[in-house]
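Trainee: To start, I am sharing the structure in question, which I have written as structure tokens.
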Amino acid sequence: MGEVTAEEVEKFLDSNIGFAKQYYNFHYRGKVISDLLGAKEAAVDFSNYHDVNSVEESEIIFDLLRDVQENLQAEKCTFNVMKKLCFLLRADRMSLFMYRTRNGIAELATRLFNVHKDAVLEDCLVMPDSEIVFPLDMGVVGHVAHSKKIANVPNTEEDEHFCDFVDNLTEYQTKNILASPIMNGKDVVAIIMAVNKIDEPHFTKRDEEILLKYLNFVNLIMKVFHLSYLHNCETRRGQILLWSGSKVFEELTDIERQFHKALYTVRAFLNCDRYSVGLLDMTKQKEFFDVWPVLMGEAPAYSGPRTPDGREINFYKVIDYILHGKEDIKVIPNPPADHWALVSGLPTYVAQNGLICNIMNAPAEDFFEFQKEPLDESGWMIKNVLSMPIVNKKEEIVGVATFYNRKDGKPFDDMDETLMESLTQFLGWSVLNPDTYESMNKLENRKDIFQDIVKYHVKCDNEEIQKILKTREVYGKEPWECEEEELAEILQGELPDAESYEINKFHFSDLPLTELELVKCGIQMYYELRVVDKFHIPQEALVRFMYSLSKGYRRITYHNWRHGFNVGQTMFSLLVTGKLKRYFTDLEALAMVTAAFCHDIDHRGTNNLYQMKSQNPLAKLHGSSILERHHLEFGKTLLRDESLNIFQNLNRRQHEHAIHMMDIAIIATDLALYFKKRTMFQKIVDQSKTYESTQEWTQYMMLEQTRKEIVMAMMMTACDLSAITKPWEVQSKVALLVAAEFWEQGDLERTVLQQNPIPMMDRNKADELPKLQVGFIDFVCTFVYKEFSRFHEEITPMLDGITNNRKEWKALADEYEAKMKALEEEKQKQQAAKQAASGNQPGGNPLQGAPASKSCCIQ
């Protein structure tokens, strides 16, 4: 048998396709695929132009796919596609133009230029300072970007869109062009352009098909790398906002420190060599002494640029962050005009117009004068710049942030603008924190100043204290120069006797005494409680405190110093005469009497409801028990003054407990709380009756802090209402004072608030006062004193007093009712007589007394 020739084998395989396929799959398929995957490069001869078969084209496509997988640089992958397209299209050159917007204006810039089949990437990659930029209304590439359609120009000399601008720059003649847009959805990403068909007069329809087919790879490359870039940018953006946010909320007091902490922390995510922040002076109106020289012609008026809200542009501080080489931060107060970040005029322009400015090639910029030589010995030069305003919530420009030289050498793009704008916008909004803090700080300082003014006028001065502590008269020196024994000796002669003045009696009346005598009586109560020596209260401080309290009460009709003293005196009487002191420690008794004296200090003569209706600042400051909380704060303010602080020698625990008791006692005077606590007090009274001996009950109560506080709260109510228990000759006068103050509030409600007051505060219903007093006694007061007399029978005189006063008011109310009834009966008799007389007259109208019709009348 002879040898089989190649022609015979080929003929056999063509006739037996199934056998050929089976044999190939079994013996060669694995090896071929392995060799193909292991190949580093497509085995296609690119040295000369020729038509490629399907196998060679498959190798080219596979090579492109592998290139996309292995390369991390979009330009390199696109460059490889363009080299192969040059071969497939037989184009002399190809170029890639990237679509971008600069300062809101769309343009096309060269990214890969003069690519041919034998080109090297480094020769074709265009640096930012060498790029050629086309507006969209210029050249074939501009037309393609605008129309978003492929363009085949057979003869450039006959095409209306062709521009020889690049030919003149490169001394190259473009004869024909094939250009196509690279799209991402409906948006143009880039333009790819092939020029000068080799061996043929122009590009053909077949070339258009090849270009569009291979543009799928370019689209894939662009999308992959664009998504990767977007992911990187969003990651950086998130990190920037996260870290800057953490630093912004660390520093709430000062805008400079806030900006510095935030900007320094995010430096690694900004992807630039340097950035500079200029802070603007926020002064809108000059002081008169700065304006006078201008008005007098001695100094020229400011004629420079201004911010959109009219402020003179003055960078009072510049902070430079240098990130290349050795990191450095420079803070320049009052920077000179020739500072490297300001000399170009760009920050001033941004502050003036509030625009974002993206300078992609700073050395070639002609509007701003950037330094073209190195800035320092490091040789660093400005290449590209991104500058944007920092705007606060009021839309005021507070500063300008300028970023220099993107680290990869490319100019700043849209994503950089978005990222930097997010940072500056966040910083601008965060200015609200230091602004708010500054406003609060100013308010706090004003409050301290006004508080100091009030204390100056309220505090007992060195002349007033001599009315009680007559140290000059006795010793010829000031109180602070005297020993405590010397002060005690003077006070012993000045203070009234408790028994003779009856300051421990429930029927005590302040009417015969002067206000100074009431101050002396108040001081004496502290000695009667034996707390002065026990707690080492400085006697000068005690005198000054009581005198200052008397001055702290306003000169109003009822809630004045006399009322404040009476409440303190009743508290003293309940503790001493009413035997309630047995439940409380000496420290608590000290706090309770002090709270009683302070409980209505700086009262305005109007109640809590009026504060809310009139939108008084107190109502905004305190949500509930408005006036009571104000009285408490006023009293504590006096106690914070060293010269008035009668608690100054208490230890920390004692001081906290005393203030705690004062808090409860003064807030408890709010009658709105009275109805909540009286049931609890009644249960305590009932419980006291279950104990066999007073001693056991006392020991139990001394250990029950909550029950003691409830009893104290009810004691404050009993003290505040104690005027209703005084002898009739006193109570009747005080009731008129209370009513007069209520009527004054009613007048305010009628005139200021344009509202009708309730009957208790209506001056026009003054005759109903006895009836209102009876209702007040029955509804509010009787329960308090009835329960206290049941709790401690020593307090029964107060119940007797209110019972007697109710009889007096009831008698007056009945008298008034009888009088009104008699007047009404007399009026009815007169009307009846008038009607009878009218009906008996000749021709009289019998219907005269009937109500008149609204629709007709009888003639």
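Cβ atoms here come from the backbone N, Cα and C positions, even for glycine.
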Trainee: Which one, ASP448, ASP452, ASP720, is listed by Swiss-Prot in the same divalent metal cation 1 site as HIS563, HIS599, ASP600?
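Mentor: That divalent metal cation 1 site, as Swiss-Prot gives it, pairs HIS563, HIS599, ASP600 with ASP720.
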Trainee: Out of 601-637, 823-859, which range is noted as region 'Disordered' by Swiss-Prot?
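Mentor: Checking Swiss-Prot against the ranges 601-637, 823-859, the region 'Disordered' one is 823-859.
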Trainee: Could you tally the C-beta atoms, other than its own, that fall within 10 angstroms of the C-beta of ASP600 (divalent metal cation 1 binding site)?
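Mentor: Cβ-Cβ neighbours of ASP600 (divalent metal cation 1 binding site) within 10 Å number 26.
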Trainee: Under the DSSP assignment, what numbers of helix, strand and coil residues are found in the domain 'GAF 1' (73-222)?
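Mentor: Across the domain 'GAF 1' (73-222), the residues distribute as 59 helix, 49 strand, 42 coil.
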Trainee: Quick one: what's DSSP say for ASP600 (divalent metal cation 1 binding site), helix, strand or coil?
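Mentor: Assignment for ASP600 (divalent metal cation 1 binding site) reads coil.
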Trainee: Using a 10 Å radius around each Cβ and all protein chains in view, which of these binding-site residues has the most neighbours: HIS563, HIS599?
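Mentor: Its Cβ has the most other Cβ atoms within 10 Å: HIS599.
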Trainee: Neighbours of the divalent metal cation 1 site HIS563, HIS599, ASP600, ASP720: Cβ within 8 Å of the Cβ centroid, same chain, sequence order.
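Mentor: After dropping the recorded site residues, what remains is HIS559, GLY564, ASN566, VAL567, ALA596, HIS603, HIS631, THR669, CYS719.
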Trainee: In sequence order, what residues of the same chain, 6+ apart, have a Cβ less than 8 Å from the Cβ of ASP720 (divalent metal cation 1 binding site)?
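Mentor: Spatial neighbours, sequence-distant, of ASP720 (divalent metal cation 1 binding site): VAL567, HIS599, THR669.
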